[in-house]
Each structure stands twice: as structure tokens, then as C-alpha cells.
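Asks: Pasting the relevant annotations from Swiss-Prot:
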- 156-222: coiled coil (COILED)
- 174-187: compositional bias 'Basic and acidic residues' (COMPBIAS)
- 194-238: compositional bias 'Basic and acidic residues' (COMPBIAS)
- 170-238: region 'Disordered' (REGION)
- 10-31: repeat 'LRR 1' (REPEAT)
- 40-61: repeat 'LRR 2' (REPEAT)
- 63-84: repeat 'LRR 3' (REPEAT)
- 86-107: repeat 'LRR 4' (REPEAT)
- 109-131: repeat 'LRR 5' (REPEAT)
- 1-247: topological domain 'Cytoplasmic' (TOPO_DOM)
- 269-307: topological domain 'Lumenal' (TOPO_DOM)
Amino acid sequence: MARANGRSQNLRDKLDGNELDLSLSDLSEVPVRDLVAIPKATALDLSCNKLTTLPDDFCNLSHIVRLDLSKNQIVQLPSEFGRLMNLQHLDLLQNHLMSLPVSFAQLKSLKWLDLKDNPLKPDLAKVAGDCLDEKQCKECAQRVLQYMKSVQSDHEIELQRKLQLDKERKKKLEAKQRVKEEQEREMRKRKKQQQKERKRRDYNAMQEAERALNSNKKAEEEPTENHKRMATPKEKKLAQRQSRLRKIACILLFGLLVVLLVVVACRFTDLKAINMCTSVNAIYKETLSALHSNPVLERFLQDPSSQ
């Protein structure tokens, strides 16, 4: 801290009114902190040194009105150089400048400018002119400020264009991301549906297998309707014949039962006195007489009245 104060005091020793002369001091960098401590120095001469750049915090010296940077090796001014709002006189003679920062357009107080003997770009060199006298240096300041305002406008347009492109690119990326996420959702949904379908098919197959197993068990226990339908023509003909015989047997049995009932009625009830029963009893007796010759049947057909 004492060392910094010492350097500041050394600079104050070089202060003459509001002018601070640091020319021919073999400086390779600007002592910005020491200069900030001397706001009274509104005119700063840094000519004939070994400066190649100016630090960014040099732009904090907004109190400077007159600045001489001639005959150095400066290749580029700080990007925020336009913050030196009070700067009116700027000498950049014999440096290595090719261009000026866009913020240079903000030096609205600038009245005098010398850019001679710099490797300026053609457009800027044409605007700057020769600056051979006071009048030309004043005109140089006006033309360069106007030119830099145009550059600033183009820069802002380009910046807006880049921002718009970035915005559109971001939108496209977001849209692409949404499409990707939607595809992933559809894929997950389709995969889930496929799993569900596979489970359903497995379940149906299992149910079908169980039904087939139950059907086989039932087929082993008793003939199914399918087996019946698959009977051979010979079996069908035999079944039809048996059916007819059963029907005939039923008819005969029914007729025999009717005859038996009539005989019983005529033999053992009061109806035996009527003419029909008389005939029935006569036929019955004749039949018994014909069958008495058979000893086996005689026992069953014996006249109950004789017992």
C-alpha cells in the first residue's frame, strides 16, 4: 500500500495543473490504479512509450478529456473504450491499430482525432483521411464517429440476427426434442401394448390348453356327440333297425297289456255278463286248453277258478 502511495506521489510530482505527462517513461503498461487516484489529471500524455494494449479498467478513467497515445505499439483498444464519455481530444498517431472498437461510437464529446500512420482497414482509413492539420483532425473525429455509428448499427443488426438465429435454432432443438420425447412415449406405449397382447395370447393359449385337456378327459369317460356323428353307415343302419324293433316291441307290449286288462276285466269283474266279455272268456278258455298240453306253461296259465 505504501508502495502504491509512493508511485501515486511520483505521478503527482509530474502533474502540472490538470496535465499529467508520462511520455518517454519507458512504460509497457498503464498505471491505472495510480491514475484513478488523481482525478484532477484530465489531460494525460502517454506518448512515446512501449504500450501494446490498454487494460480494461483503463475505461474507468472517465474524467479524462485529453489523451495522447501516439507513438506506441498499441494493436487494439479496449472493447469498452466508449465509456470515456468526456474524451474530446484523442491522439493515436503511429500505432498498430487496424480497427476501432464498436463502442467508439459512444464518444459523443470527441472533437479531435488523429489516426495517421496506423495499418487501418481500407474503409476506416478512407473515412479517417490524412489529418495533416487542426481542421482535418476535427473533421476526422466527426467522420469517424459517424462511421462508427454506422458500424455500431450494423453490429447491432448482426447481433439481433444472430440472436434470432439462436432463438430459431433453440426452437428447432426444442421441437426436435419434443418429437423425440413423443416418439419415445409412443415406443413405450407400443411396447407396453405388445406386452399386453403377448400376455393375452399366452392367457388364451393356456385357457385353450385347459379346455382341450378337459375335453380329452371327457372323451375318455364317455362318447361325445362328435363320435356319434362320426358313426359308420353300417352302425347307423343297425341303430335304425334297433330303434324300429324297440318301437314294435313297445306296440306289442302295449297291445298285450290291453288284451290282458280286457281278459282280467271280463274274468273277475261284473262285466263278464256282457256279450263282449262272453266272447273274450270263450277265446281265453280255448287258448288255455290249447296250451295245457305244454307242462311248463300250464302252471302259469292254469285257470284261477279251478285253484
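For all residues, glycine too, the Cβ spot is worked out from N, Cα and C.
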Asks: Report, as numbers and ranges, every residue of the chain located at least six residues beyond the repeat 'LRR 2' (40-61) whose Cβ falls under 8 Å of a Cβ in that stretch; write 'none' if there are none.
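Replies: For the repeat 'LRR 2' (40-61), the far contacts come to 11, 15, 18-30, 32, 67-81, 83-84, 86, 91, 96.
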Asks: So which residues does the repeat 'LRR 3' (63-84) touch in its own chain, when a touch means Cβ under 8 Å and the partner is 6 or more beyond its ends?
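Replies: Residues packing against the repeat 'LRR 3' (63-84) from afar: 19, 23, 39, 41-56, 90-107, 109, 114.
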